Each structure stands twice: as C-alpha cells, then as structure tokens.
C-alpha cells in the first residue's frame, strides 16, 4: 500500500522512462541492505514444475522491465517465483528516440515503442555473473534492428549461445510490435526455419555444457484462430518447451480517445487482459498439454491470475500491473494462489 498510496503518485509525476530508471536504481540500492531491505517480502510457497524446472511459486516478472539484468537482486527480494530479463540483442542498440513510453492511467495501461533498447548480451551476462540470485532466471533474446528478418536466425543463434550457460530457460521474442518485420517470424516458413535452426543449436549446446536449457516462444495477442493453431503446430513439431502468451497488442480497444492511447507502439495493461487470456485459452485447446503456457497480459489482481490459470496457463508473469500496483500485487496473487 505504501507504493500505491505514496510512491506511485510521486513516480507518476515524472516522465515514465525516468520513473522506470529511478525505480530500478532504488531497488538496486535496497538490495544492498540485505536482510534490512525494507522492500523485501516472502510469498507463500506454491510450487510448480514447468519445463522440468521447479518454481517456488508461479508468479514471474515479465521481460522488459529489467532489460540488461541490472536489477536482478533487487527484484528477487520482492518474492517473485522467477525472473525474466531482456529482451537482449547480440549487439548494444539505443532503441527508438524518446519519448517512447507512455502511461494511460485511466485505463491502467502503458504504450511503449522502446525498440529493444539494451546494452547488448555481453553486458547482461556480466550482470548475471555478479548476482547473488539463485532462483529461476529466464533470459529473453531478440534480433538487432539492423539485422534483416531473413537473417534473424543468426542473431537468435548468437544470443542463445551467449546466454545458454547462465539461463534456466531462454525466451525467443518474435512478437514485439516495435521492431519492423519481427512478428513475421511467428508464421510459416520463417518460424520453421528459426525453430529448426535453434533446436539444432540447442542440441550442440546441450552436449557442450552438459545441460538442456528449455526454450520458450513469446507470441503476440493479435492472432486469429487459424494463426494460433498453426503456431501451436509448429511448437509441437519443433519441440518448443513453452509458449509465453502474450506480448503487447497493436489494438487500441478499450482506450479510444484517451491521452497517449494513439501513440505508436504496443499496448499493455488492463485493456490487454481479455484478448491475451483468450489467446491462452485457444493455445491450450490447440496444444492439448503438449507444451505449457506462461500467461502474460493485464494481470492486476489475484483474480486475474486465477483467470489465466483457468484458461490453461501453468505460470503467470506481470509487468504493467506491477508498475501500477507494486509489490502489493505479488503479495495478493501469492495469497490467492496459495489458497487454491
């Protein structure tokens, strides 16, 4: 409640990206206090086994909040059952020009066109090697803007090789709306080529490192039933270990006429909830248990998390809900999940 009633009003007076950077800095500083960290909280244990990994609870941080792995220890102290960092690209890139992150508070939403701004995979690995965190860490990888879609496999392969020794699972981000052409990798021959190449690469990395790291595919909410079935078929055919549903949406349903709603970029938060949950349900129907689903999109309460599980998800991730509600959201979901 301290966050929602005191800190959030102060942060929301700032530019969204400045507030984001300040929040991460505060979490980093708090983590250095160890047991005296005033933000530290423990959630009830609600173990889940997904992708062959043991999760202490099913509540994760979605990729995008800590793109560079700069705040792993600070975020871990909040009670997450797992963290996903990134999206990271092989080479550093600045992303799109500012402003590129916008709040739509009347709708509990954000619009972002960040454009995979990150410090590159070498920086992220250095941060991961420094962390004290020993929980489940996912690393989300993407392609550089300057790499054409036809050569996307090169970037994903390079990213996978680099992060493989340090990740509990690796997410292939093929669904951001802010990198031109990226979403085409979700379909047809481009998806088959990408997955075929990366599954072959994983076989070699498994032999090299003596461990098999699961691969998850993060997908968009803006797919029709035919596209969802085709994607599910590719997931099963290539042996993808999980699907993360979903990324942000290009739709503006539910935010029409609101300030910043028409900004270019992906929409996240409450307006995404129904659309993303429907994708979870359709994927669950198409997959028939052959790959687990990690739900992401519009989770603002314990009831929202339960709805994702009922739709067929095994785990949930939060981002925009966490921006609006802070650590109290995790505590609420933890209580509700423990009571199931």
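Cβ coordinates are placed from backbone N, Cα and C, and glycine is handled just like the others.
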For the substrate site that Swiss-Prot assigns to 112, 113, 114, 115, 116, 173, 178, 247, 248, which of the candidates 67, 211, 308 is also assigned? 67
Of 18, 87, 89, the one that Swiss-Prot places in the same FMN site as 63, 64, 65, 66, 67, 140, 173, 218, 246, 269, 298, 319, 320 is 87
Which of the binding-site residues 113, 115, 173 has its Cα nearest to the Cα of residue 63 (FMN binding site)? 173
Fewest other CB within 10 angstroms, which one of the binding-site residues 67, 113, 218? 113
Could you state, as a whole number of Å, the largest distance between Cα atoms of any two of 67, 112, 113, 114, 115, 116, 173, 178, 247, 248, the listed substrate binders? 16
Widest Cα pair spacing in Å over the listed FMN contacts 63, 64, 65, 66, 67, 87, 140, 173, 218, 246, 269, 298, 319, 320 is 20
Give the residue from the recorded positions 176, 247 that has the most other Cβ atoms within 10 Å of its Cβ, counting over every protein chain displayed. 247
Residue 247 (substrate binding site) to residue 65 (FMN binding site): how many Å between their Cα atoms? 13
